[in-house]
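Let me begin by presenting the structure, written as structure tokens, before commenting on it.
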């Protein structure tokens with residue numbers, strides 16, 4: 001007695017490649033079964049055929065032969081049920097493979113559409129060159145700002161030096177003006193002394209004239225008395241002196257004294273006048289020198305004030321330029337930070353997509369390996385090898401995925417100018 005059964009189903013494709021063809025030549029042995037599995041490549045049909053041939057020796061009795069036929073029929077029926085169950089399971093697995101294939105194709109279409117929508121892979125090297133150029137510009141700007149700050153400090157120090165010089169020159173000017181005031185007071189005192197001496201000289205001259213007049217009056221009066229006197233006195237006495245001679249001597253003495261006094265007064269007056277003239281000349285020369293110094297100091301002060309004003313204007317201009325430069329580079333840094341954050345976010349999204357696709361591919365690969373293992377199990381079963389039901393049970397594995405997100409922020413003056421996220425997936 002022999003029985004045969006054939007099951008036809010479609011083949012499956014996992015990961016874009018068909019399963020390999022499995023075939024086994026039928027083996028015919030007494031009291032055993034022969035099976036063959038044919039799986040077409042490239043989507044062709046698969047056939048599982050089972051045949052059982054049993055031979056009974058002619059020397060046995062009919063009763064034994066009937067019992068053997070009953071037992072053999074029961075064994076064949078059990079094998080049919082087992083094969084039916086296995087075929088159903090295989091069909092369900094193949095159906096699952098087809099569904100996974102269709103899902104894989106859908107994912108490939110979605111990935112292709114997403115890639116086409118996003119366009120070709122971007123070349124980031126121009127951005128790197130731009131970033132390097134911007135870094136160099138920022139560095140050069142920092143150096144320029146440092147130089148400007150140094151120039152501002154130098155200008156401030158120069159302005160402080162000019163201010164100190166200006167204050168010292170003002171102090172010198174005030175002291176010179178004080179000296180000029182003292183010299184003017186001295187000139188006034190000298191003029192007063194000169195006027196006093198002139199007055200004294202005039203009074204002495206008047207007194208001299210008055211003395212001369214009195215002396216002449218006395219002489220005239222004495223001569224008149226002598227002339228009017230008629231008394232002649234003769235005494236025996238020493239010879240009297242000549243009054244005319246005495247008067248002449250007195251007149252000569254008075255004239256000599258008056259001339260001497262006049263000369264002394266004139267000499268004193270000339271010496272005083274010469275001293276005051278020298279002093280006045282010295283004071284005038286000092287005054288002229290002081291005026292020249294004051295004029296020079298005033299001119300220097302005006303030039304210093306002009307230079308100070310120009311330095312202030314230059315400082316204000318440099319500060320405005322520095323402020324504009326800082327604002328412009330802060331804006332550029334903010335724009336670059338936003339671009340870098342967008343690029344990093346896109347990079348993280350691409351990495352996550354790659355990891356998700358890798359996980360899906362790994363799941364499909366595991367399913368393919370399970371199906372290949374089950375096909376090998378079917379093959380061993382159909383070839384007559386020992387079979388354990390646990391070999392057909394799919395192995396359930398548990399995988400723990402740990403995602404670590406690292407956020408890096410760049411702070412400038414307490415403000416976030418750049419932020420990057422790095423996602424790391426750890427499987428265990």
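Yeah, the Cβs are placed from backbone N, Cα and C, and that goes for glycine too.
As written in Swiss-Prot, here are the features:
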| type | residues | note |
| --- | --- | --- |
| DOMAIN | 79-389 | domain 'IF rod' |
| REGION | 2-78 | region 'Head' |
| REGION | 24-45 | region 'Disordered' |
| REGION | 79-114 | region 'Coil 1A' |
| REGION | 115-130 | region 'Linker 1' |
| REGION | 131-222 | region 'Coil 1B' |
| REGION | 223-246 | region 'Linker 12' |
| REGION | 247-384 | region 'Coil 2' |
| REGION | 385-428 | region 'Tail' |
| SITE | 329 | site 'Stutter' |
Cβ neighbour count within 10 Å of residue 329 (site 'Stutter'): 17
Proximity of the region 'Coil 1B' (131-222) to the region 'Coil 2' (247-384), 3+ C-beta pairs under 8 angstroms: yes
Counts of helix, strand and coil residues, the region 'Coil 2' (247-384), according to DSSP: 136 helix, 0 strand, 2 coil
Residue counts (helix, strand, coil, in that order) that DSSP gives for the region 'Coil 1A' (79-114): 36 helix, 0 strand, 0 coil
DSSP residue counts for the region 'Coil 1B' (131-222), split into helix, strand and coil: 92 helix, 0 strand, 0 coil
